[in-house]
Structures are given as structure tokens and as C-alpha cells.
Amino acid sequence: DGDEVLSSLPISPPPAAMGRKDSVWSVGDAPTEDLEKHEDSQRSTLFIEKPQSGTVTVGEDITFIAKVEAKDLLRKPTVKWFKGKWMDLASKVGKHLQLKEIYDRFTKVFTFEMHIIKAKDNYVGNYRCEVTYKDKFDSCSFDLEVIEIPEVVQTIDIRSAFKRSGDGQDDAGELDFSGLLKHREVKQEDTGPDIDVWELLKQAQPQEYEKIAFQYGITDLRGMLRRLKRMRREEKKSEAFARKLDPAYQVDKGGRIRFVVELNDPTIELKWLRNGQEIRPSPKYIFEHKGTERILIINNCTLADDAAYQVVAGDEKCSTELFVKELPVLITKDLEDVYTMVGARIELDCEVSEEEANVKWFKNGVELTREVRSRYRFKTDGVKHILVMDEAERSDTGTYSVMTTGGQSVCRVQVDLRPLKVLQPLTDMTVRLDKAIMMKCEISEDLHGKWYKNGQLIQDSERIKIIHRGRIHRLEIENSLVEDEGDYTFVPELYAVNLSAKVHIFDPPRVHLDSLKFPDNTVTVIAGNKLRLEVPISGEPTPKIIWKKGEKVILENNNRMKVENCHDHTTFTIDVTERDDTGNYSILLVNEAGKDSAQLRIKVVDIPDPPAAPIITEIGGDWCIMAWEPPPYDGGSPILGYFIERKKKQSGRWMRLNFDLCKELIFEPKNMIEGVAYEVRVFAVNGIGTSKPSMPSKPFVPLAVTSEPTLVTLDGVTDTTVTMKWRPPEQIGAAGLDGYIIEYCFEGQEKWIVANPELTDKTKFTIPNLPTGAKIFVRIKAVNAAGASDPRLHPQPILVKEVIEPPKIRLPRHLRQTYIKRVGETVNLVIPFQGKPRPKVIWEKNGIPVQANQVSIRNSECDTIIFIRKAERKHSGKYELKVQVENLEDKATIDIQIVDRPEPPQVVRIEDVWGDNVALEWKPPKDNGNAEITGYTIQKADKKTMEWFTILEHYHRTNICVSELVIGNEYYFRAFSENMCGLSETATMTKDCAFIQKEGIVYKNPDYKDFDFTEPPLFTQPPASTIAVAGYNTTINCSVRGNPKPKIIWLKNRVEIMNDPRYRMFSNHGVCTLEIRKPSPYDGGTYTCKAVNELGQAEVDCKLEVKDIFSTLLRPAGGLSKSSLSQ
């Protein structure tokens, strides 16, 4: 607590006491570096209110206040409170010491307070408050005096003194040792006879202390023993010293101090030590002997004498501390105000109370530093201190002050200027362009100044030289420019005086047309573009500018041609150039210094006129040939070539056909779509650009004849006709196919005769009126809009004579077996046949010719069709087809079966009823629908609800036993017939119902023995040995079974893996997984999976080898299987 620290420090210790183990001040923990740092830092006045020394009575409170102004501070300053020179009280805040900080935002003042609560007599001493902000530091010392209250002597009751404080009091729960030293108001208790407990304790053995305390009601045994120990220690007296040194002494700087000790034995050898070093007699240190007293006198004490002193007498020693108090330095002679002129010498002097005292000089509240290159010089002559400023400046005006530890002195310094005289003023000048400008002036003072041109500051450069030599100032400008003309002013520093003059630049006019670098002074511009000529000119003053085209003057307010003039250039602009703008132009410059002119030619070029519409000279299947004439006007530039575009007639999108210019006047467009109408057009190109397109050509359609017909064959021959057939051409083209031309030629002749005067669009034709027995050649041509194709010739000559071909029926495969159709469906059968001449077709059913009103029959030369729109049962049967050619005949039979749904079963009877079972029986239906019965569907219905439920479907027998009926219910049953067409439309129901009697056989469920599924653990798949890559996750997997479910334990090198975050264990449906996260080579080894349940245990082993990635990639094939790597 703070009270313990304060009570142990009667007065502040010196710096020499720090670090000594035997010093009572070594309990402090404040670092000595703070003092050294503060002494080296810049010292300033930060306090606006310092803590003042105070006096307090024992047991009362006192507060010390320090205030710091924060207007110029960016952050809160650091404040420390010390007792003496080194004990930091911030870490000792407790019951008796509190530190507070307050900030007032309106006044911007920090207030720091130190509260001492219930002061004690040993709190007396010297205190210090230090404030630090960046490199600024300030410190203030103050004293605390504690006045003791006279104590009333009374008898001390040890039993009440060493009892714990009662509840409700301020110091409840603390050990009250002060009860032995001063009066306490405690509750009086009946203690019995007056017994001196201290005497009992002094005479008793240590093992009896607890017994005595319990007997006399002493609860604070520990406090009593400490007090007893201290009493015994006080009774022990020194053998060497009859009187020792006081704990500490204090003396003013320059004063005299006496240390006195009294010895028991005057003959004993005595040594005086200072900070552990023996003190030798000298004029400063004087030793005296008076009987048994030994005295050390220290004369003229300085800060170096502030140290720890010891007296060694034989084997004993006693110590003390000496504190040297430095007196404040006072100012005995104050500073005086100074009034002087610029350039004079200023000396400010003062006198202080001590020689070589430390003083600080300030200007306007800012400390003046003692730097090497500072314009301030500091002198010290004994108690006199002088501040010197050579060659005073106006900036030296201000308030100066000197500060010591005991006060400060302030004075005012005022520095004014001398009157300025102009000895040589500036004069106006007229200079030719490119010549030098030299301006000079002289003033009475050697001052710096600035040159201005038209109010703008002039900077020194390679061309402009500013020269200052004593009182003369010169401005020299080499190679004057037009921009150098203006008003020049020189302004000396520190004076409100300026010297002015005007400079005028003149230059003959000149047109700088060569700088534009036009070949032959000719400007070429494209028609329609904007022409802007900016011609540099020179001349001072600015010349008058005239533009002409030929002999005609161009006015500045012309609508299309504009002329803009500036002092260094003239601009000629034509917003939209035209062909008529071509011609010779001139520029004329005139000013007071002369005139100049220049000639240039403007040539306006344009794109050529469009060519005439192209002409199509030839057309192909996907190409054509076009030609055109050159444009009448080439735009003033030679024609470089032509671009050709085409488009479909119905489209608006033109497509360019050539990306390289066509140099000729003819072009062949290709890759056109046959049969589509196209148009083409032409663009002319010169060096300026591309002309507008020509008018489109007349629409044209690329067309091509078809290829020759294919597969020309002989279809039939009679005595006077020949029938040919063929296939269409493979390539018909976009023009389509209009028809065919058939030609024939008699054998031995070359004349081809057209058989069809008009085109035929069929692929079969009969050539009539041919002589019997003649041989002819036949060829066929395909014709479209592009003309006739190449002919296709039959390879062999054809004899005009009929040939008999025996009949042959080609019965389709699906008609070679029974042809089945349902009632109401359509029957349409086509049976092809062959034979020549045209065969006779006969249809019979069951040996009787088919009647036309029942079945429709249609015959042709090559097939016959039998058609029934809605089939009926009567259409079933076997149909016989006969094909006859003269005496030759061929036959075929077709079996047609028309099917329908069957009728229901004839009778459904209940044969027997027992328990919850009913036996049913029925007869097959009379009509099976002309198809085999495929099964029956049986249904039941409760007599109460008559809701039918299907018992069985697709049942093939005619009897059934229905079981699991509800006892006590009555049931009806019915049956449906089924064939390939489906169920019968109606069902046959039993006439009587079946009643399930309640009395019946009692069914007893059979007893089944439960199967035992338990088994001990068994590994069905052991883990595989693995090679893992260091840094990549790896897993070890195995599978196990067992009932009850076994517990899985993983071991590494026979040591169980537990609570290791690098391992994760999973078990899912008997699959056990151990995941090793980012393994290292140290994770390699033998891993064991152990499964345990009530019936036993099992375990399997595997090996894991961890390698780095390079060794893994370079390892040879074979060895252990690799584990799956996960990242």
C-alpha cells in the first residue's frame, strides 16, 4: 500500500542511495533512467500552477494540485509524482494515496491531483512533480510537514489490541497494529483479573504461545508474535555505539554539516565511508574527537556531497543519508529595453546571485538554443550573462526574457529600418528583337531586392541574370524576345519603395512559311475537309496581315473562308473545301518597321466520280463476267483500281467481292447461288478515297443445265411399242426440272427421232407406232430453263417384239402366317406380282369367288389390293389368290382371322365353404371371341356393401379356393373371361352367397426360435501398408464386423492414439478410417486397428512410410501401395 511506502521514507533519499542493497530505499522500483533523460531533455515552463508545500495534522487529508496548459499540446502530457528523487508513487496508489487527472475542454487545462488520505507522522519529507511532453520537461519540488497530536498515556490492553476489528467499522478485516501505539476506542470486555500477558509470553516457550493466546482470548496470534519479536529486537543494544547517526541529514548547498557518533569504547578504531569509499582528512572533511564522541565536519557542501555515509567501528557500522538542498538562483540585475536600427549590434545583459549559474534565454516565449551556427551568442562573465546579436534584423524585434531557478526578467527589443535613398533610378529602354537588355539602379543601402515584370516575379535563369553587388542592382537579358516587353520594377527588401521603367521591343515583319515544310509551297487538301493553315509570323509591333486569292482580298468576315490574326501567327481557315478553292494564295505583312509577303498554292483533291453501270456479258451456273467503263472524272488523282460488290435482287445488303483492287475493266464474280437473281456495282478508287457506287447492273440469274438422267431401263415391249423408265438426274440445279425428251434411232441410222413432241414430267414413257421386228436405240434428256442436259443412252438395242413372262406372286412375309385383326379395324392388303402380258387376277374364299359387296378388290398390272373398311367376324377365313397369263398360273393363300372379346363364363358355383375359405368352380364361355381364352379374373363383394374387389387376375384354371375371408361376413363372387382382345364385357356372378361361420378351427401361430446374430469382431478388409507424402493428408482404411458393435481403438507403435489433433478417426457402417493431417517423416511407423466387444477382440496392423515429395516422385515402381492424398 501507499501508506507502507510513505511511512518507510522519513525524508527523500539522494541519488547515491540507489542500487545499494543495504539501503532502506532499495524497496523502490522507479528507474533512474527517467532522471537522466529529463536532465538531458529541453527544459521549459509547462506548469501554469505548481504544487505548493503544505502542512497536515496526523490522521487528516491533504491534496497537492498541478495544472498544465494544453493549448499548444497535441496530446496529453506525462506527469509523475515522486517522493524524494527516485520513488515513483504511481505504482504505490492505495488506501492512503490517490492520483487523479482532470481535463477542462473550455479552458484547455489539465489538472493533476495527489491526495494523501489519513496522513501519518512518517509521511513528512520532500516530494517532486515532473511533467513531460515530447522534448519539453518541467519539474517542481514541494515539502510536506506532518504535525503530531499529543498522545494520552494509558494502559494498553494486549488482549483487546490483538483482536480482529469488529464488523461495521472502517478498518474491518484488517490487523490493527496501531492499537499498540495510540488510543483506540474499542468495546470494553470483561477480561477477568489483571494479568500481564507480555510477561507470560516473554517467559514462556515458543510452543506455549498458542495455548496462552487461546487461554486469554487473543485471536490475532500472528500479529502478537511479530510485536513480541520486535520488542525483543529493540531490547538488544549495540556494543560499539552508545549513540548512532540519525537516519538522514539535510543541508543547504554551500552550508556546513556535522556527523556525531558516541562510542562505548574510545579506543576502538573508527572509519568514515562515503558511498563505500573511505574519507581522508582534508580542508573539506575535518575529523574531531571529544571524549567518546567522534565528529565528521563537511565544509562548503555541494551536490557531489549528496551521498550515503557510513561509520565502521570494529565489526559494527551505522549509516545515514545526506541530502544537499540547492538554493534558487535569483536575478540581481534585470534586462533593459533596447531600441536600435537594422545592422546594429545588440547586447542584452543581466546579473544573477551565483556565478556559473544555469540560465535560459527566451524570445517571445520560445527558448533560444545554443547551436553552433545560431545567430545568437551567449556570454558569461561571473554572475553576468550576456545575449549578443550581431547585425540586427527586423525579425529580431520581440520580447526577450531570461529565466533562472529563482525567477525571470523580461525586456523589449525594437529594430527599425534606416531611411532609403535612390542614387540611380531605372530608365525606359527601346531594344531591337534579339538584342540584349541591360537595366541598372543604385540605392543607399546594401539590401537584397526582387525584380518584377508586369507584376510577375522574375527568376534568375540562363538567359536572365540578376546581379547584386553592394548597393548596385542589375538585370541583364540576353537575346531579347517579344515577351520581354513590359513594365519592369525593382523592389528592395524591407522597404515600401519600388523603382520602375518600361522596355519596348521592335522587329520588322516576316512570314515564316518555310517552317511549315510544304513541298513547293503547295498545300493539298481533300474536298469536303476543313483546311486550317496556321502560318507563323514575327514583327514588333504586331504587323497588319492581308490574305489574297489571286488579286482578290479575302475579308476576315467571309462566311466560308475565315482569317484570324495574332501577334505571332495568322490562321487561314476554309470550313468545307471545294474543288473551286484550288488556286494561288498570298500573305502580306506591314508594320512601322517594314513589310514582307509570301506565296502558296492550295490544291483541292476529291474522290473520283462513280463509273457507269456495269454490263453482264456471260452467265454460268455460279458465275458471270461483267465489264464497265472508267469514270468521267478521276478527282484530280489517278485511278488506282476498282472495288466490285454484289447483292441479291430482293436484298438490300451489298457484299464486297474483292479486297485487292481490280486493275482491269473486267471481273468475274463467282460462288453465286444458282437460280437467285443478282445485281452488281463498281466503285472507283484513287489516292483520296473511294467513289460513290455506280448504278446497279440489270438483274441476272446464274443457271446451269441438269446432269443426265440415271438408271435408264427397259420396262416393257409389245409388237408396236417400247416402254422405257428411268430415274431423275442426280444434279438438278436451282432452275429445277421442266421435263424429259425421249429420242430413238433405228439400228444402222444416225437420225434421232423425238418420241414426245411435248415435255413429259414422268419417269416412264411408251414409244408408240414402232414396226414389229425392228431394233432401235433409245436416249433420254432432262430439260430446264438453262436448256437440255447431256443424253443418257440405253446400252443395248431393243427388239420391237412382245415377250411372254410367266406369272409370279410375291407374297409379303407377314401374310405367310395367320393375319389377325380385331372387329371394326381396317384390313388393307397389297400383294405384288409379275407377268407379261398383263396377268388375270382371281380371288376366292373357301373355294367360292369373293363377292364385291363384302370385300373391295382393286387390280393393276403389278399388284392386287384387298380392302375391308370395318372387319367383322364373318370376314374370317382363307383367301386364295390366282394370277394367270394365258395357260400359266400361280397361286397363294392368305388366312385372315377377325377376333373379338369373349363371353363371360357360363356358370360360377360355390362348391364348398370351410373356415374362412370358399371353393369356386365355373365353366368356360360358349363364345371365346374367335381367339383362345388366356385366363380369368375373379372378384369378391361383401353382401353388406356390394363393393367388388379383385382376388386374382390372369387365372388359367376353372376352379379356385379363396381364403382369408372375414369370419361372420357373407360374400358374392363373380368371374370375367379374358382373351387377346381383353376381358369380357360382363361377368358371371354366383347365385348364392357364401357365409363364413364364426365357429371354426382355432389357428395357433407356430413358435419360431430367434436367430442369434451376435458374433465377435472380425476384420473383413485389413488396412494396406501406405507410402504418404510429407505435408499432404493421408488416410488408413479397414472394415470390421461384429455384434454388438465393437469399439475401435487405433494404436501407433503399440501406443494408443488419444486426444491428438493431428489424427481424426471415423467409423461408418463398419468402415474404419484414420486420417493423419499433414504427416511428417516422424509420423511413419506401424499402425494398429483394434476392435473390441463383449465376445472378444481382433486387431490388424499396417505400416506407414512418410517421404518428402521429391523422394516420392523419384521412387522406383513397386513396393507399397500409395495412399490417397487429400489436401
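Glycine is no exception: its Cβ is also placed from the backbone N, Cα and C atoms.
Under the heading region 'Disordered', TrEMBL lists 1-42.
The feature compositional bias 'Low complexity' is assigned by TrEMBL to 1-10.
According to DSSP, the domain 'Ig-like' (328-418) comprises 3 helix, 49 strand, 39 coil. Annotation source TrEMBL lists domain 'Ig-like' at 328-418 (among others).
According to TrEMBL, the feature domain 'Ig-like' maps to 509-603 (among others).
Taken from TrEMBL, the feature domain 'Fibronectin type-III' applies to 610-709 (among others).
According to TrEMBL, the feature domain 'Fibronectin type-III' maps to 710-803 (among others).
Residue counts for the domain 'Ig-like' (807-895) under DSSP (helix as H, G, I; strand as E, B; rest coil) come to 6 helix, 52 strand, 31 coil. Taken from TrEMBL, the feature domain 'Ig-like' applies to 807-895 (among others).
Here the domain 'Fibronectin type-III' (904-1000) has, by DSSP, the following mix of helix, strand and coil residues: 0 helix, 49 strand, 48 coil. Feature annotation from TrEMBL assigns domain 'Fibronectin type-III' to 904-1000 (among others).
Per TrEMBL, the feature domain 'Ig-like' maps to 1016-1101 (among others).
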DSSP says what for the domain 'Ig-like' (509-603): how many helix, strand, coil residues?
10 helix, 57 strand, 28 coil
Which numbers of helix, strand and coil residues does DSSP report for the domain 'Fibronectin type-III' (710-803)?
0 helix, 45 strand, 49 coil
